[in-house]
Amino acid sequence: MSARRSPLRQLGKGVLVALLLIFTLFPVYWMLNSSLDAQAGHTNSFWPSEPTLEHYVFVLTEGGFGTFLRNSLLVALGTVLVSSALALLASVAVARFRFRMRTQILMMVLIVQMVPLEALVIPLFVQVRDLQLLETLTGLIVVYVALAVPFGIWMLRGFVAAVPVELEEAAYLDGASWGRMFWSVLLPLVAPGLVATSIFGFITAWNEFIFAMTMLGGASENYTVAIGLRSFFGVHSNDWGAIMAASTIITVPVMIFFVLVQRRLASGLTSGAVKE
Amino acid sequence: MTAPAPPTPQAHGSAPEGAGSGAGPVARSVAGGWTGRARAAAVRPWLLLAPALLVLAVLLLWPLVRVFLFSLQDYGLREITTGEPNWIGLGNYAEILATPELWTVVLPNTVGFAVLAVAGTVAFGTAVAVLLASLGPFWRTVTSSAIMAAWAMPAVTGTYVWVWIFDADRGVFNDVLMSLGLLDDPTNWFTNRWTFYAIVLLNVIHHGFPFVAITVLAGLLGVPKEMLEAAEMDGAGSFRRFFSIIVPQLRQVFAVVIILSTIWDFKVFAQVYLMPGGAGSNRSVLNLGVWSYVESFGQNRYGFGSAIAVLLTVLLLVVTAVYVRTVLAEEER
């Protein structure tokens with residue numbers, strides 16, 4: 001062990017960590033720096049040379065970004081509510097019942113996640129148009145639910161399977177109905193799984209770009225944050241201060257959240273991969 | 001990159017996962033609870049599945065069939081409004097294959113980029129995981145928090161930040177190079193195909209390596225310490241220990257991160273589309289995904305765009321299938 005503690009080794013490791021932190025955080029820092037500098041887009045400075053919140057005030061008041069935020073929140077919450085409910089019911093079916101086609105359904109759920117969005121965007125555009133839901137938030141929710149459900153089923157299946165069947169059997173023997181068992185026994189126990197699924201659904205809807213761009217088209221009052229950002233790009237010059245302020249507003253909530261839940265997130269994502 | 005969506009099943013606790021295995025809660029529950037009354041039990045799973053299956057069928061499976069059907073038609077503005085099909089057989093595919101750009105620009109951009117991006121993401125992510133594993137608790141927490149921040153950055157905002165950093169007129173990258181005397185005049189890095197994709201590569205690796213690092217780290221921490229110590233006693237250096245013990249132990253983990261990175265990197269869209277010239281005006285930077293999109297929604301050639309999309313999907317499935325087979329074959333050895 002002594003070789004590992006040698007000063008030279010420690011120094012080398014310190015340099016590597018420093019380089020890694022710079023590479024990882026520089027874009028984040030640069031986004032914050034530009035968003036807080038009145039001179040952003042004119043001269044570059046490695047810290048806000050003229051510190052100001054004017055870019056934030058601009059995007060939230062005149063820039064219409066408040067509306068985009070509201071739209072994104074509505075779409076994300078709608079997606080989470082519908083997709084979690086559908087995924088929960090389906091995951092109970094695949095985790096608790098044995099029936100014909102069960103394996104095939106699980107395989108299908110896995111395979112549809114590999115399909116590139118570019119292949120779906122053309123037919124879904126036509127489909128949403130036929131439903132007369134183009135340029136509406138509802139149309140977008142419908143699409144995002146479809147994207148979030150397969151992952152939700154995979155995720156919740158493990159949580160449902162981990163709930164001891166004995167608890168349900170006990171409730172059954174006590175005369176609890178099927179619905180009662182669902183609400184009072186299963187639901188509280190899979191709540192952490194529902195939270196994880198909801199987070200995933202929320203972030204999918206919050207970040208998604210290609211469908212929002214295609215489906216919302218010219219209806220700028222219905223833009224989500226991911227495409228609302230583009231309104232700060234000008235024909236001749238871009239308002240980089242505003243773009244970076246809006247980017248910060250979009251990014252920082254997700255970022256804080258990721259850092260807070262990192263341990264659970266990492267173990268959740270990796271448990272499937274690491275288990276043989 | 002879109003939100004991290006690895007299809008990794010969660011296996012909490014010790015519940016058996018095997019589909020169709022006779023043991024475990026699935027079978028035992030027949031005695032009571034869920035599957036109590038035999039006749040209702042046959043219908044119940046389907047009732048529970050129905051809403052999700054309906055959504056998947058209408059919004060994922062039927063569109064997949066449809067994109068294939070569109071690809072066999074001359075599907076343009078007229079067809080999209082009247083709804084009347086105009087079948088042209090394999091005409092779109094013939095046209096794609098006869099487009100010189102496919103071979104000189106689009107495929108190299110798609111496949112070449114994916115190879116570099118997957119190799120770069122996995123190699124860098126693994127190196128970071130090894131570094132993280134060697135750190136004490138404090139620095140490991142600090143560094144992994146920073147990594148999480150890079151991961152959490154949405155593809156759209158992340159791309160805009162890189163575009164701003166490399167901006168031709170006011171970007172900090174040009175500023176720094178000029179102040180160091182490495183560059184005389186501001187350079188537009190987005191017009192050249194190679195530098196354009198170098199920026200995309202930087203963006204994609206920055207966004208993609210955290211998943212690899214965190215996943216491989218979890219695997220590394222699971223490698224029995226005794227094995228590594230025994231190898232060290234036997235005089236194996238750190239490289240030898242890495243390639244002879246850790247890599248074979250983590251085969252499954254590497255399989256998952258390589259497959260997922262491949263799937264993600266073959267279809268980078270926002271990272272290209274949002275860069276200057278990336279939305280079709282600079283045809284030397286087109287990849288399959290963007291080409292399909294701009295033909296469909298820019299030129300209203302939905303049939304032609306669909307055929308490109310089908311090609312992308314098939315390519316992705318073939319690559320994944322070949323890879324999965326290779327992994328499985330190695331497992332069975």
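Using N, Cα and C of the backbone, Cβ positions are placed for all residues, glycine too.
Since the structure is predicted, the reported quantities are computational estimates derived from the model, not experimental observations.
In TrEMBL this protein carries:
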type	residues	note
TRANSMEM	A:12-32	transmembrane segment
DOMAIN	A:69-261	domain 'ABC transmembrane type-1'
TRANSMEM	A:73-93	transmembrane segment
TRANSMEM	A:105-126	transmembrane segment
TRANSMEM	A:138-160	transmembrane segment
TRANSMEM	A:181-206	transmembrane segment
TRANSMEM	A:240-261	transmembrane segment
Intrachain neighbours beyond the transmembrane segment (A:105-126), with Cβ under 8 angstroms and 6 or more residues off its ends: 94, 134, 143, 147, 150-151, 153-154, 210-211, 214-215
For the transmembrane segment (A:12-32), I need the partner stretch with the highest count of C-beta pairs below 8 angstroms, choosing only from A:73-93, A:181-206, A:240-261. A:240-261
How about long-range neighbours of the transmembrane segment (A:181-206): same chain, 6 or more residues beyond its ends, C-beta under 8 Å? 72, 75-77, 79-80, 83-84, 87-88, 92, 140-141, 144, 147-148, 151-152, 155-156, 158-160, 163, 167-168, 171-172, 224-226, 250, 254, 257, 261, 264-265, 268
